[in-house]
Protein chains: 2
Amino acid sequence: MKHILISDPTLRDGSHAIQHKLNVQHLTLYAELAEVSGIPVIEVGHGNGLGASSLQLGESAISDTQMLETCRNILNKTKLGIHVIPGFATINKDLKNALDIGVDVIRVASHCTEADITKRHIEYCRRREREVYGVLMMSHTAPASILAEEARKMQDYGAQGIIIMDSAGAYLPDTVKSRIGVLVDTLDIPVGFHAHNNLGMAIANSIAALEMGATILDGTMRGFGAGAGNAQLEILVAVLEKMGYETGIDLYKLLDAADTAEASFLKVPYVDSTSVVSGLTGVFSGFAKPVDRIAREYNLDPKDIFYELGRRKVVAGQEDIILEIAVSLSQSSNIGVTPSSRQ
Amino acid sequence: MKHILISDPTLRDGSHAIQHKLNVQHLTLYAELAEVSGIPVIEVGHGNGLGASSLQLGESAISDTQMLETCRNILNKTKLGIHVIPGFATINKDLKNALDIGVDVIRVASHCTEADITKRHIEYCRRREREVYGVLMMSHTAPASILAEEARKMQDYGAQGIIIMDSAGAYLPDTVKSRIGVLVDTLDIPVGFHAHNNLGMAIANSIAALEMGATILDGTMRGFGAGAGNAQLEILVAVLEKMGYETGIDLYKLLDAADTAEASFLKVPYVDSTSVVSGLTGVFSGFAKPVDRIAREYNLDPKDIFYELGRRKVVAGQEDIILEIAVSLSQSSNIGVTPSSRQ
């Protein structure tokens, strides 16, 4: 029976869905549920990772230190993980502190064409003898050959596995298959996939990835995550079980845990109209909330903003462009070029 | 560019999600939205189809006649469809009345091994020169060869297309592919697929079906439907567009329509823990609401009831078994055999 490593970013990607307002009670409950269900790794922190709490990206309710210490005190078999984007997280302050608290697993992430920025962070984690992975975000925006090249850099830096993210939920299964296939052929380390559900394909894309040799899959309870949400963990585990894969997670306990977490703080995401357009245009799911807010302020259709964001190929961290586009769209509509005529 | 016929049972399968309480305002709004968006066919009625309103299955808020007349008065390009299960709907009263009102498209449905019961209904619709399809429900419970045999019977009766339903949301894409492949090879008429999302595969299974030659797909706005819901229509149309298929539906207008319908009466379904078990065990999604209700009454875990329903291979119409199982489970738990020890 083939083993799949499930990594659960409910307490990290899910932060996007509640404006990064996870508190000690949420974290305590979830860490306990993860431990009971046998989830191998949970990722904890601000939606954009370690050190990303800020006015522009949204401020966390509590500090990185509080979040990590809360979970560290509870977790035993379940490993404590973090998502780290160099630029948001410095080595000497943020990363050192997280490792001192006792983080087990570090994922160092960059835009899919910028692996170079992960070198020092990956090397630092290896020197301190932690489990470290490289993550390529917005992976749909680069061809398979470039992804393979960037992933190989991360492998050379010392990454022990590579995860590609479908940050906009833009993939269909065939595209996932071809990309994962190239990565599995190119690399000497495990390959993983992180899905979003904008085109309803989060589970199907995850299964497509493992059929091509991926052995690491991300999933969150109820799909709790940015925009249309992630691969729903309970479904993922059920389907893997049905297909004869082994995850070490107790499905029955996981289903109970999801009911408990939902009753407490999980918001169940769904694919709204904006999410569909976000998936079609390939814009990062984390843009959904600010786009909706700014569209309301400027009395615009959020779908029009997403089309324009897609045309400009924006990436996370460029949220200020939303406002610029909104201003420009509302000026156009004042001179008779209505958003709907843009179709 | 290949054309796919989209049929939309929002106002029929969605009835399950609101205890069949669709009213004239809901129907009027939705028919107008369907017409504006260019949806080719909408199916209207009680969740279990024409003539199914009853104490056991749930009573419709308004009569079949009122529902059909309301939509008939609005629809022009969009065709008016009904779902008909012989046994619930008689020919001389229910079906004659519906055709007199001006229904354009009739789907005559049976359990997947009982096509014989559809003969007289299909023949009647053909005599009255309407568009008529055969539907095989709970199609995951029979092997491909039996499905092909039953579908061929419906073709012989005069059906102009065959739709197989994944009534429990139990399929994975590979199983869909093998079944649709056999049907397409066997039949001389178009083949269609009706998905449910219990295992998160509604969109992926629909795409798998069309890759094997299916040309009719069912989808509902926001996935509004029994249990975990159907294939979400807006996503389906977006993905088909991305893949280069043509549906005649205006995606942008459809997304606006879904926003409007959601603000009015659509409940957005999601895959709760009961739905996952329903998909895994292969039990009809329409059982979800009564199972949840009875589980609460008897202080049982709905997942335990679903496991037992799956073991007994129940089909729609056997809802009285839920109570029997609940009584028996609560007696077992009183003598020390707890539901969780059943795992």
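Placement of Cβ uses the backbone N, Cα and C atoms for every residue, glycine included.
Mean pLDDT for the domain 'Pyruvate carboxyltransferase' (A:4-255) in this predicted model: 97. Residues or ranges marked as domain 'Pyruvate carboxyltransferase' in TrEMBL: A:4-255.
The DSSP secondary structure for A:SER167 (substrate binding site) is coil. Per TrEMBL, substrate binding site is recorded for A:ARG12, A:ASP13, A:SER167, A:HIS194.
Cβ neighbours of A:ARG12 (substrate binding site) (same chain, under 8 Å, six or more residues apart in sequence): A:GLU43, A:VAL44, A:GLY45, A:HIS46, A:GLY47, A:GLY49, A:ILE82, A:HIS83. The feature site 'Transition state stabilizer' is assigned by TrEMBL to A:ARG12.
DSSP classifies A:HIS194 (substrate binding site) as strand under the three-state reduction. Using a 10 Å radius centred on the Cβ of A:HIS194 (substrate binding site) and all shown protein chains, the other Cβ atoms total 30. What TrEMBL records for A:ASP13, A:HIS194, A:HIS196 is Mn(2+) binding site.
Taken from TrEMBL, the feature active site, proton acceptor covers A:HIS16. Residues within less than 8 Å, Cβ to Cβ, of A:HIS16 (active site, proton acceptor) and separated from it by at least 6 positions along the same chain comprise A:GLY47, A:GLY225, A:ALA226, A:GLY227, A:SER285, A:GLY286, A:LYS289.
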Taking the Cβ of A:HIS196 (Mn(2+) binding site) as reference, which residues of that chain separated by at least 6 in sequence fall under 8 Å from it? A:ASP166, A:SER167, A:ALA168, A:GLY169, A:ALA202, A:GLY225, A:ALA226, A:GLY227, A:ALA228, A:GLY229, A:ASN230, A:GLY279, A:SER285
Counting across all protein chains present, how many other Cβ atoms fall within 10 Å of the Cβ of A:ASP13 (substrate binding site)? 30
Using a 10 Å radius on the Cβ of A:SER167 (substrate binding site), the other Cβ atoms enclosed count 29
